[in-house]
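Participant: Sharing a structure, written as structure tokens. Questions coming.
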Amino acid sequence: MDFWLWLLYFLPVSGALRVLPEVQLNVEWGGSIIIECPLPQLHVRMYLCRQMAKPGICSTVVSNTFVKKEYERRVTLTPCLDKKLFLVEMTQLTENDDGIYACGVGMKTDKGKTQKITLNVHNEYPEPFWEDEWTSERPRWLHRFLQHQMPWLHGSEHPSSSGVIAKVTTPAPKTEAPPVHQPSSITSVTQHPRVYRAFSVSATKSPALLPATTASKTSTQQAIRPLEASYSHHTRLHEQRTRHHGPHYGREDRGLHIPIPEFHILIPTFLGFLLLVLLGLVVKRAIQRRRASSRRAGRLAMRRRGRGASRPFPTQRRDASQRPRSQNNVYSACPRRARGPDSLGPAEAPLLNAPASASPASPQVLEAPWPHTPSLKMSCEYVSLGYQPAVNLEDPDSDDYINIPDPSHLPSYAPGPRSSCP
């Protein structure tokens, strides 16, 4: 009798110590989740409760006939008797929904628990812990190569033989994603808010659940593909820019497409070069002007020295101004020939016969008198004067004759015949 009493005493303790299958879920803020709870018995009360701060107390969130006020219009419970499970859907999750949940059957929440769920709600969603392969867009040839050469990558798509299987999808982005063209072999899926699923089955689970799991994962990959494709596209562009432009290309990512320090150095360098060129031109022009002025001054000095050396003495100028001109004028149209000594008078003959060795201190030119012969008719345009006019002092070398076109202005000469010009 005592044995049975002890057995009944320890029976609740053994039930409480039973380990429940646990599922951990990470959900983005504002997302939704579907929890699949096993249903060991039919036609009983089904519930989802939340573990409170005090141990052993689990507050009912939703049941067959009850919904907590905080979760109204956000939590629904749907039984699936043919699959021996029931679904609990939670939407519009916030950070206040973090915590530990449990689903079970029975009238009391502290008994009949069948599954434990740990829910984490945060703003940024990390990598899915169950995803083993990268789901970004890949070329078809690479996809076929991975399927043939690495079949172990797709092993995670099949349900495991353990008692608990968790299914999580990425959350819905805040903006509407652009449509993505899928191959014709894949059925198009209407976009819905991201759904997170968690369910637990026993090892003897019927194979009828496998197609549903595969279809769910396919729809999950199609739903998250636009977001990850966009991320992979930006990552690839960044790697290409870094590879092509080297480590110093970071300034272009910040919008500085021109190397500013080098550009600032080039501006004063260019301006300084222009100033040097202009200064060189000015100096060259000044040097040329100075050389031209020095050459001009040298020419003027040489001309003055030449004129001073060729100027005669004043006595010679006075004698030269008083000496008469000869009749053999090169500008005269009527030259005269000198007469012989026999035609001269007795007073002039000794002068002509004088020795040549006598010093001509004062040279004089004798003019022969006009012969007493009849005048010859000659055509003359000009008649030269017998005396040289006064010459300016500024031009001592001037020995030119001044011709007067009219013979009426001629001075009176010694008696003798004159040339007649018509």
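Each Cβ is built from the backbone N, Cα and C atoms, and glycine gets one as well.
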Participant: Could you check which of 231-262, 391-422 is flagged in Swiss-Prot as region 'Disordered'?
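Facilitator: My reading of Swiss-Prot: the region 'Disordered' range is 391-422.
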Participant: Choose one of Cys37, Cys49, Cys334: the cysteine that Swiss-Prot connects to Cys103 by a disulfide bond.
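Facilitator: Among Cys37, Cys49, Cys334, the cysteine that Swiss-Prot links to Cys103 by a disulfide bond is Cys37.
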Participant: State the three-class DSSP label for His264 (site 'Receptor capping'), counting H, G and I as helix, E and B as strand, and everything else as coil.
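Facilitator: Assignment for His264 (site 'Receptor capping') reads helix.
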Participant: Taking a Cβ cut-off under 8 Å, which residues six or more beyond the ends of the transmembrane segment (263-283) line up next to it in the same chain?
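Facilitator: Non-local partners: none at all.
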Participant: Return the member of Cys49, Cys58, Thr91, His264 nearest to Cys103 (disulfide bond) in space, with distance defined Cα to Cα and candidates limited to these recorded positions.
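Facilitator: That would be Cys49, the closest of Cys49, Cys58, Thr91, His264 to Cys103 (disulfide bond).
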Participant: Count up the helix, strand and coil residues in the domain 'Ig-like' (24-121) according to DSSP, in that order.
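Facilitator: Going through the domain 'Ig-like' (24-121) residue by residue, I get 6 helix, 52 strand, 40 coil.
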